[in-house]
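Pulled from TrEMBL:
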- HIS255: active site, proton acceptor (ACT_SITE)
- TYR25, ARG165, HIS255: glyoxylate binding site (BINDING)
- 78-80, SER107, GLN128, TYR130, THR156, LYS231, SER253, ARG258, 286-290, 309-310: FMN binding site (BINDING)
- 1-360: domain 'FMN hydroxy acid dehydrogenase' (DOMAIN)
Amino acid sequence: MAEVTNVTEYQAIAKEKLPKMVYDYYASGAEDQWTLAENRNAFSRILFRPRILIDVSKIDMTTTVLGFKISMPIMIAPSAMQKMAHPDGEYATARAASAAGTIMTLSSWATSSVEEVASTGPGIRFFQLYVYKDRNVVAQLVRRAERAGFKAIALTVDTPRLGRREADIKNRFVLPPYLTLKNFEGLDLGKMDEAQDSGLASYVAGQIDRTLSWKDVKWLQTITSLPILVKGVMTAEDTRLAVQNGAAGIIVSNHGARQLDYVSSTIMVLEEVVKAAQGRVPVFLDGGVRRGTDVFKALALGAAGIFIGRPVVFSLAADGEAGVKKVLQMLRDEFELTMALNGCRSLSEITRNHIMTEWDASQALAVPSRL
């Protein structure tokens with residue numbers, strides 16, 4: 001295999017290696033997949049204003065997330081059913097994250113349980129939660145995550161119903177019979193029945209609670225002391241509500257463009273959310289990050305860190321734990337270089353003035369003077 005020199009190259013390798021049903025499940029977005037392309041394309045409309053002649057011989061990329069020190073502001077987003085990509089699945093991802101000194105978020109729909117992932121060794125891990133109709137299931141799962149040493153709950157709020165992913169419908173997607181949703185195995189919710197369309201869509205329709213609302217965010221705080229990150233916020237209005245309802249942080253996410261098509265890219269709404277949060281809670285971004293330059297752009301717009309999703313499952317499919325490690329290392333190296341070439345020695349030195357966006361250009365015309 002030719003040497004992989006960037007994150008995106010893993011996608012083609014994964015496409016070759018994986019069964020079509022599995023690759024399509026990971027790769028596809030909702031409906032026309034406009035937002036899927038836009039999540040990437042939007043980054044190319046943000047340009048740098050680099051500062052020169054600054055001593056960049058030492059660069060510090062460390063940061064803290066919810067009080068936990070990590071090596072870089074690049075973390076792993078929750079991706080379901082990773083054993084479809086590689087037999088080691090979530091075990092490999094957990095080990096790679098831990099080796100890189102960063103945070104892994106485990107999906108509710110993982111093919112390894114919270115206990116199994118905890119058994120891989122030390123590491124800072126978050127647990128992504130879907131709220132099932134049966135709240136006892138939810139309470140039990142949250143308690144198990146707490147006991148297994150998970151440090152936060154990432155509550156996914158953009159999935160009252162599953163988005164229309166047409167590849168999954170065509171492929172009649174279903175979790176392969178030799179795998180289970182390990183966190184639900186003992187609850188008879190671990191298997192997915194074949195359906196006329198997408199087996200996952202039918203599973204969600206049957207199990208996930210469409211009545212989910214802000215009162216449930218409050219309820220969650222009564223059953224756990226873990227901080228709650230609200231994942232799937234895309235507007236200032238919901239940012240203010242998240243803060244009012246006790247969220248410890250916000251993840252700006254459109255679910256990898258897999259839910260509502262024709263929603264903006266996450267990088268384009270990030271600044272709106274950051275401004276609405278008013279520094280009261282950290283704001284993170286996921287969606288479309290494939291380069292160190294993307295990470296820098298997100299931080300310049302006020303993100304406290306970013307999460308990567310598809311690059312993890314694609315590199316996992318290509319090369320297991322070593323693939324995920326390499327993705328994290330490549331992003332780290334690129335981000336460090338981007339910082340150096342922009343004249344930033346620490347994350348606190350990355351400012352809004354280091355980038356320009358289309359909407360800055362229109363303001364610059366109206367206001368001639370610029371700092």
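Using N, Cα and C of the backbone, Cβ positions are placed for all residues, glycine too.
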All-chain count of other Cβ atoms within 10 Å of GLY309 (FMN binding site): 23
For the glyoxylate site built from TYR25, ARG165, HIS255, further residues of that chain with CB within 8 A of the site's CB center: SER28, GLY29, ALA30, LEU162, GLY163, ASP168, LEU200, GLY256, ARG258
Protein Cβ atoms within 10 Å of GLY288 (FMN binding site), excluding its own: 27
Rounded Cα separation (Å) that holds between TYR25 (glyoxylate binding site) and THR156 (FMN binding site): 19
ARG258 (FMN binding site) to ARG165 (glyoxylate binding site) - Cα separation in whole Å: 7
SER107 (FMN binding site), number of other Cβ atoms within 10 Å: 23
